[in-house]
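Structure first, commentary second.
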Amino acid sequence: MSDRPSTPLLDNVQSPNDLKGLSDFDLKRLADELRAEMIWTVSKTGGHFGAGLGVVELTVALHSVFDTPRDKLVWDVSHQCYPHKILTGRRDQMLTIRQKDGLSGFTKRSESPFDPFGAAHSSTSISAALGFAVARDLGGDSDTGHGDAIAVIGDGAMSGGMAFEAMNNAGHLGKRLIVILNDNEMSIAPPTGALSSYLSRLYAGAPFQEFKAAAKGAVSLLPEPFQEGARRAKELLKSATVGGTLFEELGFSYVGPIDGHDMESLLSVLRTVKARADGPILIHAITKKGKGYSEHRADRGHATAKFNIATGEQVKAPSNAPSYTKVFAQSLIAEAEDDPKVVAVTAAMPDGTGLDLFAERFPSRCFDVGIAEQHGVTFAAGMAAGGLKPFAAIYSTFLQRGYDQVVHDVAIQRLPVRFAIDRAGLVGADGCTHAGSYDISYLANLPGFVVMAAADEAELRHMVRTALEIDDRPSAFRFPRGEGMGVDMPDRGTALEIGKGRMISEGNRVAILNFGTRLKEVQEAAETLSQRGITPTIADARFAKPLDEALILQLARHHEALITVEEGAVGGFGSHVAHLLAENAVFDTGIKYRSMVLPDIFIDQASPKDMYAVAGMNAEDIVAKVLTTLGVEVLSQRA
């Protein structure tokens with residue numbers, strides 16, 4: 001590949017141990033090569049981009065100073081782990097990242113000993129690193145010895161309450177723990193010029209306790225008339241290390257802010273911390289997301305498709321239909337135009353959920369609560385109790401983080417919070433950590449909840465309207481990542497009758513009851529089955545709760561077999577259907593019932609179609625399920 005950058009130093013790095021013999025000057029050169037290598041790699045594969053570019057120098061410095069994997073390096077979220085993977089023996093696999101049978105886009109314990117703790121969701125690193133620190137002190141890791149525990153967490157992730165819960169606990173325990181705050185959005189504070197740089201170097205240049213003692217002792221040595229002024233000056237100096245007061249109150253020593261792209265400063269501070277820290281310490285590093293390529297873009301290259309390095313133009317397949325996310329956003333905007341009580345909540349995902357479009361139109365009615373799903377859910381519940389009509393747009397996988405609030409603050413009080421659950425089902429390149437596999441199960445078991453799933457983008461538009469009109473209890477509607485089916489779209493949604501499904505086509509012998517966007521696969525399966533002389537009845541449930549009991553019982557009593565299909569785990573729609581059939585003694589009549597759900601495994605990253613193939617839920621799998629259920633020989637199987 002002739003466009004690959006020249007990387008003579010990086011070419012000799014097989015593991016972090018190879019960094020130990022490099023001079024500080026060569027470590028800086030290595031960082032430059034590593035950044036060029038990452039830009040080239042992601043231009044070929046796509047992936048999370050900006051975060052990794054922002055921590056190149058930090059990654060090199062950490063692996064140079066510390067002894068990984070003996071020292072446990074825990075990356076929060078781990079969007080920024082690409083440089084780390086390149087330095088830890090996975091460079092030759094980077095072109096497989098986020099692809100089937102390739103490297104994960106996140107840290108993953110089963111992938112490398114240099115990934116001591118997996119991640120993908122936010123704000124977990126300090127808790128995990130503290131766990132490693134306690135295990136170290138109690139002799140829990142006899143295989144790799146007792147090393148340092150280092151958490152690298154971004155300023156965005158610090159908006160998650162779990163991070164502060166961990167810091168509070170760490171400060172109480174007093175264990176030697178290193179937290180690096182990677183501040184790449186200037187949301188806490190930028191460095192404050194030469195004074196800040198001097199204070200950071202001074203703090204790193206002497207033992208921490210000596211530094212603090214000197215600061216306290218110096219005041220008492222002054223003549224009495226000058227002591228009050230000196231105390232004020234000391235407080236001013238303390239405030240110059242912006243953010244330090246908060247972290248010190250939590251029990252952490254504080255260093256910073258420092259320039260996270262200045263290799264000399266990073267190495268100096270990290271070496272001093274390694275040599276002298278005797279309790280929890282936080283290093284505040286200021287970095288630029290997208291450093292070296294995309295730092296001037298509005299999103300700083302958070303995630304990207306394959307792209308042309310010279311022009312930045314992304315290589316994307318042409319769109320055949322609007323995305324489900326965009327349909328949701330446009331539908332909600334249309335409803336909000338007519339109803340001033342409609343408000344929207346997102347947990348740090350305005351672009352991903354489409355609420356950036358809503359915010360442009362209704363800035364005072366859209367609330368980004370940060371990475372705080374627990375707060376976001378209860379905040380929405382409070383607005384509902386106050387007479388507003390909140391839509392909480394949250395990915396299925398992230399709604400898990402606010403489940404107690406869904407139960408305690410929303411469901412028990414029957415508050416009409418409307419949950420727009422994006423990324424339902426299997427999501428592709430982000431793999432199992434972002435799959436929306438469980439929301440049907442964990443919502444449909446709650447009394448009073450209305451749970452819907454859109455079979456296509458037109459149905460989604462109707463479900464937005466339906467949720468708006470449900471004003472006496474909570475509701476949820478789920479939809480997948482990606483583009484819709486290309487169906488004709490109504491200008492506005494029409495409220496659906498609660499708990500009523502729809503017949504798609506009538507046949508005989510077997511009925512297939514769909515819930516969600518597998519409907520297209522069901523219809524393709526029916527076409528194949530028709531060539532075998534089998535014409536299934538197809539119905540779309542629309543609702544997992546309340547069930548359309550009349551429709552389900554009719555299908556069961558007039559067919560030899562009933563098969564449900566859903567993009568969720570066991571315990572969801574199919575389980576509720578089975579319970580209904582059992583309670584109505586339908587199984588006593590000999591009905592053959594099968595439920596097609598996601599298997600009891602975590603499915604690694606691949607294309608959604610490949611992931612559903614692993615799950616056994618594509619059209620050919622539905623065909624095979626129908627034939628085996630009816631006792632008809634399956635003529636061929638996939639290799």
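Glycine is treated like the rest: Cβ placed from N, Cα and C.
Under the heading thiamine diphosphate binding site, Swiss-Prot lists His79, Ala120, His121, Ser122, Gly156, Ala157, Asn184, Tyr293, Glu373. Under the DSSP three-state reduction, His79 (thiamine diphosphate binding site) is assigned to coil, being neither helix nor strand.
Packing around Asn184 (thiamine diphosphate binding site) is summarised by its Cβ count: 25 other Cβ atoms lie within 10 angstroms of its Cβ, all protein chains included. Annotated Mg(2+) binding site per Swiss-Prot: Asp155, Asn184, in sequence order, evidence recorded as sequence analysis.
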Checklist outcome for this item: Excluding its own, the Cβ atoms lying within 10 Å of the Cβ of Glu373 (thiamine diphosphate binding site) add up to 29
Next on the checklist: Just checking a number: largest C-alpha distance across His79, Ala120, His121, Ser122, Gly156, Ala157, Asn184, Tyr293, Glu373 for the thiamine diphosphate site, rounded to a whole Å.
Outcome noted: 32
Checklist entry - Within 10 Å of Asp155 (Mg(2+) binding site) (Cα-Cα), which of the binding-site residues His79, His121, Asn184? => result Asn184
Item to check | Most Cβ neighbours inside 10 Å, all chains, among the binding-site residues His79, His121 | outcome: His79
